[in-house]
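Worksheet: the structure to be examined is printed underneath.
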Amino acid sequence: MAQVPGQGLLVDSCEVERPRWNSKLQYLLSCIGFAVGLGNIWRFPYLCQTHGGGAFLLPYLIALVFEGIPLFHIELAIGQRLRRGSIRVWTTISPYLGGVGLGCFTVNILVSLYYNTVLVWVLWYFLNSFQHPLPWSSCPPDLNRTGYAEECQGSSPVSYFWYRQTLNITADIQDSGTIQWRLLICSATCWAVLYLCVIRGIETTGKAIYFTALFPYLVLTIFLVRGLTLPGAVEGLIYLFTPNMQILRNPRVWLDAATQIFFSLSLAFGGHIALASYNPPRNNCKNDAVTIALVNSLTSLYASITIFSVMGFKATNDYSQCLDSNILTLINEFDFPERSIPRDDYPAVLMHLNTTQPERVAQLPLKSCCLKDFLDKSASGPGLAFILFTEAVLHMPGAPGWAVLFFGMLFSLGLSSMFGNMEGIITPLLDVGVLPKGVPKEVLTGLACLTCFLLATCFTLQSGSYWLEIFDNFAASLNLVVFAFLEVIGVVYVYGMRRLCEDIEWMTGQQPGLYWRVSWWVVSPVLLLSILLAYIILLAQRPPSYKAWSPQNGQFPSREEKFYPGWVQAVCMLLSFLPLLWVPAVALTQLLAQHRRRLKDTQPDSSMKPEEGRG
């Protein structure tokens with residue numbers, strides 16, 4: 001590798017023409033938009049709620065300091081110093097590590113396929129929000145127009161709109177069903193919008209990012225102000241952040257904290273390497289890493305406060321409706337005057353009736369009403385966005401306007417994350433020169449988006465949501481942890497700690513301190529290895545399963561848990577290990593190529609010896 005004294009790797013002369021960000025703010029917003037995504041809205045609040053409230057922040061903070069920020073710093077540093085995409089970065093560090101770049105590139109494609117499908121769902125809900133009443137506010141009539149759809153009456157209008165009118169989901173993953181044309185049209189629209197935004201790389205995304213990265217913060221603030229004025233908001237926040245320190249004894253809490261930091265910062269995708277490659281060589285990447293990581297974590301906390309202020313309102317509203325239903329039952333049964341039992345007096349009245357007339361009370365269909373039970377109805381992922389929160393919006397005055405804001409925010413969050421994903425795909429392709437130099441970048445970008453659109457068509461099938469869950473669980477998790485581990489090992493132990501520190505000093509003006517060195521040397525690799533082992537152990541404990549929406553299930557509307565059939569489990573294994581195969585394949589190819597070169601170098605010498613002897 002070409003070097004200059006004290007500067008590690010030398011940038012090729014051809015890289016002088018590489019595009020650059022128009023401003024530092026544009027770059028920071030692009031990285032924040034890539035890191036801050038849907039998981040900050042629908043994953044972090046769920047983890048806080050289920051893992052001890054405020055107590056979860058302790059392992060989360062430890063993982064941020066010793067895993068997230070150090071790894072993030074490495075990605076920004078190598079991208080900025082080498083000024084290449086993920087594939088060329090790793091072949092430059094060592095030809096034997098080229099498989100790491102190809103693996104990250106492959107994972108990025110797989111993740112982009114299903115991540116943009118979530119935007120398809122968001123767009124469908126966004127378009128359906130421009131009507132009053134909202135289409136998920138009531139059950140539709142049945143085919144005979146004599147009543148309501150039976151499946152909707154057996155579940156809820158919100159669930160029916162999601163599972164039947166949006167996904168039209170099948171009851172089993174082996175029943176693929178047909179393509180849902182409304183979702184296919186939305187998919188084409190999403191990929192077209194994405195193409196228009198990334199058509200010229202950072203030149204166009206740098207302009208769009210001002211809206212897509214900042215608009216979600218505006219909407220979150222609006223929801224927070226409105227949420228805090230709703231009844232029950234305080235109860236939701238108290239429930240969210242009340243610490244349960246005993247739960248920290250559970251290893252799963254620490255594993256979830258570490259993985260949340262890892263995926264929230266979008267590490268090992270290659271997107272941050274690509275974005276940093278357009279920076280000036282002397283940019284202070286250390287400050288960037290700390291700033292972006294802190295903004296990402298504070299956004300998760302801010303979103304949690306916003307989400308649970310609204311969810312507290314929903315729980316309080318459901319609790320009040322439960323009490324009103326029971327009060328009405330008591331009034332009808334015991335001929336009490338209307339409105340004679342206030343909600344606050346209901347427990348005392350029920351206790352009195354249980355004491356005086358227990359037989360009559362026991363025969364009544366009274367519901368169990370407890371505010372904590374309603375607050376316990378947590379969900380993450382699509383369950384939070386498309387079921388719980390959409391139901392909460394129904395109870396808010398001016399529901400369609402709030403629905404438009406909410407799904408507009410989700411679309412902006414997902415779109416800005418897709419900017420980073422596409423840079424992680426297109427930048428490496430440009431670096432390796434897959435198209436002739438005369439072909440404009442717009443053509444390559446269009447081909448990439450068109451190919452991804454065609455591949456993602458499988459998610460518009462009736463069984464598409466089951467397959468999206470498989471991609472989410474198996475295509476990314478294991479691969480990204482392994483690639484992040486290889487990134488640290490490759491940079492620290494192959495490229496070398498001394499050369500890395502010299503490069504960072506050249507870029508930032510100061511050597512990395514003890515905290516950075518210890519984190520890179522020991523702490524981050526050990527944490528990543530622990531996460532990898534824990535994840536494999538969890539996978540091995542039981543066969544993979546999924547929850548099917550089946551109206552024929554006896555426990556309906558609860559979803560039926562089913563195990564994946566053998567051929568689907570084979571696909572799961574393939575997704576888990578296919579990107580990883582690039583690492584040994586490239587290393588073996590390099591070994592064979594080096595062996596051939598050695599043989600070729602020795603052949604002329606051996607052929608000269610007989611001639612020398614005859615001479």
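The backbone N, Cα and C atoms fix where each Cβ goes, and this holds for glycine too.
Because TrEMBL annotations are produced automatically, they should be read as predictions rather than curated entries.
According to TrEMBL, the protein has these features:
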- 27-45: transmembrane segment (TRANSMEM)
- Gly33, Ala35, Val36, Asn40, Ser264, Asn296, Leu413, Ser417: Na(+) binding site (BINDING)
- 57-78: transmembrane segment (TRANSMEM)
- 99-127: transmembrane segment (TRANSMEM)
- 181-202: transmembrane segment (TRANSMEM)
- 214-241: transmembrane segment (TRANSMEM)
- 261-278: transmembrane segment (TRANSMEM)
- 290-311: transmembrane segment (TRANSMEM)
- 402-422: transmembrane segment (TRANSMEM)
- 443-462: transmembrane segment (TRANSMEM)
- 474-497: transmembrane segment (TRANSMEM)
- 518-540: transmembrane segment (TRANSMEM)
- 567-593: transmembrane segment (TRANSMEM)
Any contact, the transmembrane segment (402-422) to the transmembrane segment (518-540), with at least 3 Cβ pairs under 8 A: no
Dominant neighbour of the transmembrane segment (181-202) in 27-45, 57-78, 443-462, 518-540, 567-593, by Cβ pairs under 8 Å: 443-462
Selected stretch (most C-beta pairs under 8 A with the transmembrane segment (57-78)) from 99-127, 214-241, 474-497, 518-540: 518-540
Listed in sequence order, residues with CB under 8 A of Gly33 (Na(+) binding site) and six or more positions away: Ile209, Thr212, Ala213, Ser416, Ser417, Phe419, Gly420
Sequence-distant neighbours of Leu413 (Na(+) binding site) in its chain (C-beta under 8 A, six or more apart): Val36, Gly37, Leu38, Asn40, Ile41, Thr212, Pro216
Cβ-based neighbourhood (8 Å from the centroid) of the Na(+) site, residues Gly33, Ala35, Val36, Asn40, Ser264, Asn296, Leu413, Ser417 excluded: Ile32, Phe34, Gly37, Gly39, Ser266, Thr299, Ser416
Which same-chain residues, if any, lie at least 6 apart from Ala35 (Na(+) binding site) yet have Cβ under 8 Å of it: Ser264, Leu265, Ser266, His272, Ile292, Ala293, Asn296, Ser417, Gly420
Stretch-level contact, the transmembrane segment (567-593) and the transmembrane segment (27-45), CB cutoff 8 A, at least 3 pairs: no
Asn40, Asn296, Ser417 as binding-site residues, winner by CB count within 10 A: Ser417
The transmembrane segment (443-462) vs the transmembrane segment (99-127): 3 or more CB pairs under 8 Å: yes
